[in-house]
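See below for the structure under consideration.
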Amino acid sequence: MEYDYIIIGAGSAGNVLATRLTEDADVSVLLLEAGGPDYRMDFRTQMPAALAFPLQGRRYNWAYETDPEPHMNNRRMECGRGKGLGGSSLINGMCYIRGNAMDFDNWAKAPGLEDWSYLDCLPYFRKAETRDIGPNDFHGGDGPVSVTTPKAGNNELFHAMVEAGVQAGYPRTEDLNGYQQEGFGPMDRTVTPKGRRASTARGYLDQARSRPNLKIVTHALTDRIRFDGKRAVGVDYLQGEAKDVTSARARREVLLCAGAIASPQILQRSGVGPAALLNRLDIDLVHELPGVGENLQDHLEMYLQYACKKPVSLYPALQWFNQPKIGAEWLFNGSGIGASNQFEAGGFIRSREEFAWPNIQYHFLPVAINYNGSNAVKEHGFQAHVGSMRSPSRGRVQVKSKDPRQHPSILFNYMATEQDWQEFRDAIRITREIMAQPALDEYRGREISPGPEVQTDEQLDAFVREHAETAFHPSCSCKMGEDEMAVVDGQGRVHGLEGLRVVDASIMPLIITGNLNATTIMIAEKIADRIRQRTPLPRSTAEYYVAGNAPARKQ
């Protein structure tokens with residue numbers, strides 16, 4: 001079996017590459033996915049409101065666990081990653097958030113990353129997107145990713161929470177992906193006009209599946225990348241339950257798109273990574289790159305939960321006897337509660353003046369429940385998810401053996417710096433001030449969590465240690481750049497090797513201010529043009545907000 005390109009991982013990035021590369025009819029592509037198909041009749045992945053379900057099983061979730069996190073009471077924390085066509089876009093929360101313009105301008109300050117500025121990236125965000133209310137300078141109108149905007153008549157709690165943020169002195173913004181990210185406003189979601197999850201399997205692969213030059217193999221677990229000297233020449237993978245590997249050869253390039261946990265793991269297993277680690281595991285060294293698996297970053301978040309005095313929350317939707325009607329309305333009409341991820345409002349603020357752009361993100365949810373669907377409060381309630389955006393803490397991913405079925409050792413090293421603790425204390429206190437605003441007076445009942453007795457720095461820190469959870473945004477473990485810890489250059493090419501790129505969230509040099517999926521897709525769109533040797537899309541000329549001397553909060 002020989003192909004021009006072999007793509008490892010049919011996730012948010014891999015499906016973009018598979019679709020774009022096979023637009024050239026003379027180019028053959030093999031797309032390998034360790035998980036199974038994205039079954040379109042499975043409401044768990046297709047119904048936006050069911051987003052908690054795929055995280056609970058193993059069919060669509062790798063369900064990794066971290067090593068005991070030293071600053072988090074030594075908890076082993078969950079690290080869910082998507083498995084199946086679509087990757088994490090098949091199980092994520094569907095929030096369409098791109099990050100702040102300053103994130104990309106900051107990336108572009110690093111040598112070799114000059115063309116990753118916001119105005120260089122914006123055309124690729126637009127290329128990927130079809131926004132339901134039409135294109136403008138910031139949004140696309142004919143891309144593969146369906147983006148749905150919140151509509152009039154949605155839950156009144158969304159509007160009350162945004163108003164409360166504005167009353168507390170923070171900006172209002174009409175579009176968190178537009179001119180100004182900073183502030184509170186409506187949040188877009190990756191959902192189709194028919195109310196289905198817009199994974200990259202649906203948006204991208206559906207265009208490409210029928211092409212004769214694309215072969216998709218599911219249940220194909222990559223064992224390792226094969227090299228001839230310093231050149232990647234193919235991939236060995238295990239098909240289904242098979243004990244023997246299947247080999248495929250790549251004439252041009254191997255494209256590793258397995259995500260921030262699996263991509264460094266596959267590189268290390270293939271002999272690319274820190275020499276001491278590979279020697280310890282008796283893995284033959286192909287090329288020493290000390291940064292493979294290092295620089296791991298994530299977002300941590302907490303829930304602040306309140307009882308709701310007015311019976312307008314989604315609590316009734318959690319009761320089994322109401323669910324058949326919700327399911328039927330979604331199935332047949334593509335509308336109703338089932339068609340939304342219920343994260344229809346949120347925002348970004350600066351907790352202190354020293355931050356040049358927002359460092360805290362909010363998601364508002366009109367029900368009191370854990371992200372994975374557990375511990376639902378048995379009454380009407382609402383909550384704010386809040387967390388810091390650019391933690392200075394750094395973790396790592398390390399392969400434990402040559403066995404591709406063994407999960408790696410993962411340590412995020414959450415909350416390792418004083419800045420982390422300061423940001424979370426600030427975030428809880430600011431959230432309480434927002435929740436105390438008049439806009440929420442008719443809704444706000446008692447504080448359920450953390451609870452009104454949790455007030456001192458020590459009490460807040462203890463709450464964070466015990467209750468903060470991942471936002472499922474692992475990234476940066478094979479970072480782009482030119483320094484000694486960089487793994488790839490600005491086009492995703494692995495340093496010191498030929499015919500091998502990494503294209504996924506692992507190559508972000510620094511984590512972005514917001515959810516990762518939209519940016520992961522943009523990265524793949526941008527590098528796809530590089531692989532095809534096409535002229536990059538012309539830079540955008542859109543103007544965008546920079547806070548400058550503007551106060552973080554009006555008094």
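Here the Cβ of each residue, glycine as well, is placed from N, Cα and C on the backbone.
Between the stretches 65-87, 180-202, 479-501, Swiss-Prot puts its region 'Disordered' entry on 180-202. Here H473 (active site, proton acceptor) is positioned 20 angstrom away from I8 (FAD binding site), judged by their C-alpha atoms. Sequence-distant neighbours of the region 'Disordered' (180-202) (same chain, 6+ residues past either end, Cβ-Cβ under 8 Å): 10-13, 15-16, 38, 45-48, 84-87, 89-90, 94-97, 99-101, 131-132, 144-150, 158, 161-162, 165-166, 170-174, 330, 333-336, 338-341, 343-350, 357-358, 362-363, 513-514, 517-518, 521, 544-545, 547. For L32 (FAD binding site), the same-chain residues 6+ apart in sequence whose C-beta sits under 8 angstroms from its C-beta are I6, I7, I8, G9, A10, V217, A220, T222, V235, Y237, A248. Long-range Cβ proximity for D4 (FAD binding site), meaning a same-chain Cβ under 8 A and a gap of 6 or more residues, is found for L21, V27, S28, V29, A250, R251, R252, E253. Across the structure, V16 (FAD binding site) and H473 (active site, proton acceptor) place their CA atoms 19 angstrom apart.
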